[in-house]
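K.L.:
Quick paste from TrEMBL:
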- 33-58: transmembrane segment (TRANSMEM)
- 64-83: transmembrane segment (TRANSMEM)
- 95-113: transmembrane segment (TRANSMEM)
- 119-137: transmembrane segment (TRANSMEM)
- 161-179: transmembrane segment (TRANSMEM)
- 185-202: transmembrane segment (TRANSMEM)
Amino acid sequence: MKPVAPSPRHPLRDPSEHTLLEDVYAMLSGCTLLALGLLLMKSAGIVTAGIAGVALLISYHVPLGVGLLFFALNVPFLLLAMATLGRGFAIRTTLAIGLIFALTALAQVSVAITFVHPAFAALAGGTAMGVGILALIRHNTGVGGVNIVALWVEKRRGGSVGRLHMVLDGAVLLAAWFTLSWAQWGWSVLSTLAINLVLVAYHKPGRYMGH
């Protein structure tokens with residue numbers, strides 16, 4: 001018996017293509033992990049790299065929530081994404097950043113952390129944020145800021161997102177050097193390494209291509 005060809009009206013779905021439900025769940029889980037990482041770092045008084053780190057750093061000096069600052073600082077990068085990475089990517093990234101803002105604001109009024117050691121916040125928070133970023137990247141969604149710049153450079157010239165993150169994040173950590181204590185800065189570097197090592201280890205061009 002000859003195999004029946006798929007009907008033009010009902011073509012076979014590419015098994016590597018994500019379904020809408022998978023995309024939605026990836027956004028929810030990724031944004032939740034990112035919000036958790038921000039909460040841990042905020043509670044420990046440390047920062048990380050990228051726009052999240054800038055938002056944390058500013059939040060220690062002004063009476064504004066880290067989620068609101070994260071959203072506001074990302075607006076210029078969302079415009080870059082719209083112009084260079086496609087409308088769909090920009091819309092998904094805007095939704096992700098808005099969800100991170102909402103989850104972070106919700107966590108700040110519903111979760112009370114009385115103490116967290118900076119070492120745990122750096123390792124657990126950084127790893128959670130790295131996995132969250134990875135979940136979003138694999139479903140063609142960014143988290144703004146450095147992530148958008150890194151994806152733009154990767155798209156044009158190739159290379160590892162994780163390594164590009166490390167280069168771009170150095171500037172943020174340099175700024176933090178002048179405002180944090182030695183201990184805070186050291187733990188902040190550890191959090192940055194935790195994030196980027198996840199991306200270097202698990203996100204390599206050609207190994208996994210999300211759709």
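Cβ atoms here come from the backbone N, Cα and C positions, even for glycine.
TrEMBL does not curate its annotations; it predicts them automatically.
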K.L.:
Given the transmembrane segment (64-83), which of the listed stretches 33-58, 95-113, 119-137 has the most Cβ pairs that are under 8 Å apart from it?
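P.N.:
Against the transmembrane segment (64-83), the leading stretch is 95-113.
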K.L.:
Do at least three C-beta pairs under 8 angstroms join the transmembrane segment (161-179) to the transmembrane segment (33-58), pairs 6 or more apart in sequence?
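P.N.:
Yes, since the transmembrane segment (161-179) and the transmembrane segment (33-58) share at least 3 Cβ pairs closer than 8 Å, they count as touching.
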K.L.:
Any residues 6+ beyond the ends of the transmembrane segment (119-137) with a Cβ under 8 Å from its own?
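P.N.:
Same-chain residues near the transmembrane segment (119-137) but 6 or more away: 26-27, 29-34, 36-41, 43-44, 46, 48, 52, 96, 143, 147, 151, 161, 187-188, 190-199, 202-203, 210.
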